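Enquirer: Look at TrEMBL and you will find Arg79, Arg125 tagged as substrate binding site. Annotation comment: TrEMBL describes 102-156 as domain 'Phosphatidic acid phosphatase type 2/haloperoxidase'. Summarising the annotation, TrEMBL assigns transmembrane segment to 25-43, 55-75, 111-129, 136-154, 160-181, 248-266, 272-292.
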Amino acid sequence: MESTLGAGIAMAEALQNQLPWLESVWLWVTFLGDPKILFLFYFPAAYYASRRVGVAVLWISLITEWLNLVFKWFLFGDRPFWWVHESGYYSQAPAQVATRARSRWVRVMPSLAYCTFLLAVGLSRVFILAHFPHQVLAGLITGAVLGWLMAPWVPVERELSFYGLTALALMLGASLIYWTLFTLGLDLSWSISLASKWCERPEWVHVDSRPFASLSRDSGAALGLGIALHSPCYAQVRRAQLGSGQKLACLVLAVGLLGPLDWLGHPPQISLFYVFNFLKYTLWPCLVLALVPWTVHTFSTQEAPPVHSS
């Protein structure tokens, strides 16, 4: 394994040394590959292009992110930016660690362009020493297989209790695994400790990188999906055929609302953050599926002029 990790660092060094002028591009690409951007842009864009595809994108992201969380607890995967220090590799051959770890700042694309984008995201993660190449490859393959297997079976509309139970299952399932491993003496916060220790600026280790941040996001989104599909606003636009202009207006309005919602400050207490995160992502599907389409449809539909008898 040491040789595999060393080869991964060598690949990252090659990217950083041979293509240093692409640093801003890699940072932007890795920002576009962040799971939160799926909720902020890819999910609304896919949904307004095709309702079934949009719901499928959300379901697949919920399941894959939950599995990613649980696999991290079992596999204990290192991150390159701390492994080079902890293993002694850095003292033997100093790595050119990227000076920044994040940038501040689809379904409508051919398969080749989509694969190119995934490859670019993977390379960007290697470039900033966030993942080893074998981790990127395993993630891409696992995501592709899960997407292929799950797409035909994605539930579009079910009873509200189904979504509530799904959110509960996601939360309780991960919590049970976490506390079982914790009781067995495993420190599941080891990655946060190492990230805080070796990150150039500790403030880059965000609270939403903690284990239960993605869990609160996914369980909230699952519950929000059910609430949205059973809301009065969704019932009014469910059979409506929105035009291209209306769909574009929905996307612009949704992104315009979701962006500020995502940038809201986080509560200082970690427990309050999890509650806030859960509520925020419960609201997310309600805006995309129900409130925004209902608003656009209501204000863009003109009443037919009255017919006067002669």
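Backbone N, Cα and C define each Cβ position, glycine as well.
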Enquirer: Using Cβ distances below 8 Å and needing 3 or more such pairs, separated by at least 6 in sequence, tell me whether the transmembrane segment (248-266) contacts the transmembrane segment (55-75).
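Expert: Between the transmembrane segment (248-266) and the transmembrane segment (55-75), contact is absent.
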Enquirer: Select the range from 55-75, 160-181, 272-292 that forms the most Cβ-Cβ pairs under 8 Å with the transmembrane segment (25-43).
Expert: 55-75
Enquirer: Under an 8 Å Cβ to Cβ limit, what residues of the same chain, 6 or more beyond the ends of the transmembrane segment (160-181), are close to it?
Expert: 62, 66, 69-70, 73, 188, 211-212, 215-216, 218-220, 222-223, 225-227, 229-230
Enquirer: So if I draw a 10 Å sphere around the Cβ of Arg79 (substrate binding site), how many other Cβ atoms end up inside it?
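Expert: Excluding its own Cβ, the number within 10 Å is 19.
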Enquirer: Mean pLDDT across the domain 'Phosphatidic acid phosphatase type 2/haloperoxidase' (102-156), rounded to an integer, is what?
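Expert: Its mean pLDDT is 60.
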